[in-house]
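Engineer: Below is the structure I would like to discuss, written out as structure tokens.
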């Protein structure tokens, strides 16, 4: 079923994507030693896209590998590209109104393939639960980043309705996009709502580093009176008001590249009960003016020992690759891991680490697999021989807010319910448990109490753990790690401050470095 364009032209007349920013944190390693090799997949083809920006790092060419993606969906001709991105397509889901979530083969960027209007060109949009703007690079864009991505415009679809009188601008910590609005059919899986979205005519060069052609914003949205809000109906709005989905919610199952299952899935309007065991653990969403899916985090722990980190909240963000927490909280966590070292906001751990890190929500604990939180091997410097922890000691917003990205979300089935203002977490079924055999949930004891650890493959309450006391909220860095030099407030170590984005906490962009080697690049 396709809705007529006239249904939403009234919205288009008043639409504007106001200046804002997202919690978009695509990460890029300077070391590919742990990246997934997807090019051997027999059901794949090349998609030509660009190299990461060059750096002075002699090892930067480690990122250059031929990339492939499976042949499926709408075939489209390749445009002039200089190099290749890594895009690995997931298999088409079996559930009605569900859409495959593709990725870059390294669990860094998760994307959904869409088409617009009567165009046959396929566009990969980053799936972003912390953003409400949807945009795609414009055919009219002359920026270098646009030349290495698929672009969209009047020359691609006869049904697109550009509106050059309406502009938008989205700002990130080190990059930005701006342009004008347009209205057309958005074809996402079997669903085809009419959507007003941004056509980015100016795109900063940072986007050359990442495979997405735009962003699909599926955040909670912001009040109309809030700076950074979207005047046009958002994706979930138009799906709901067009009666294309039964409920204004969606479920997300993120694939893990090394598992080789190609089973990433976005379930629109209904949950997929085959993706989790037992019942969903429903968490009330915390109200905020940024459109975040934010929930209360009761505590965190390592190997069943709680850390006493109460009063935190977690922003659930598929657009963030890793987990970013204030530095003291990160230090408290890593101090429970034997052999850890610290270099500012970066933590190194033994590559063979087996520690199970857990987060607790609504008296239920969820394990994070070592396959997700133990990252790439560090080849030089004080932490040479260790592997990078994918839990970063960086405060992105307040000192009580954690930015919880794909490193955690790969371990649960997550549901985002806009009607009921809640987030649901499900323990993945046995078919989704990673190869280490780790369970998806656990009970914990206080880190300072010396109580025994108990683990289980089913959800269990943390009532005993939450009543225990003693774990300090900070830890002494001499316990296995180098003492960091604290940066000025609002600036990460080794970086020059930059102006924060409109409507966001001031947080500059930031390359994460170890021994002078840039390991990560991020946006906010």
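For all residues, glycine too, the Cβ spot is worked out from N, Cα and C.
Note that this is a predicted model, so its numbers are computed, not measured.
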Engineer: For the region 'Disordered' entry in TrEMBL, name the matching range from 31-68, 69-106.
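Structural biologist: In TrEMBL, the region 'Disordered' feature sits at 31-68.
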Engineer: Note the mean pLDDT of the domain 'Peptidase A1' (110-426), expressed as a whole number.
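Structural biologist: So the average pLDDT across the domain 'Peptidase A1' (110-426) works out to 94.
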Engineer: Which of the listed active-site residues (128, 317) has the least company, meaning the fewest other Cβ atoms within 10 Å of its Cβ?
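Structural biologist: Per-residue Cβ counts within 10 Å for the active-site residues 128, 317 bottom out at 128.
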Engineer: Sorry to bug you, but what's the C-alpha spacing from residue 128 (active site) to residue 317 (active site), rounded to the closest Å?
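Structural biologist: If we compare the Cα positions of residue 317 (active site) and residue 128 (active site), the gap is 7 Å.
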Engineer: Can you name the residues of this chain that are 6 or more positions from residue 146 (disulfide bond) yet have a C-beta less than 8 Å from its C-beta?
Structural biologist: 137, 138, 200, 203
Engineer: Please work out the number of neighbouring Cβ atoms within 10 Å of the Cβ of residue 141 (disulfide bond), leaving out its own Cβ.
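Structural biologist: A 10 Å sphere around the Cβ of residue 141 (disulfide bond) contains 22 other Cβ atoms.
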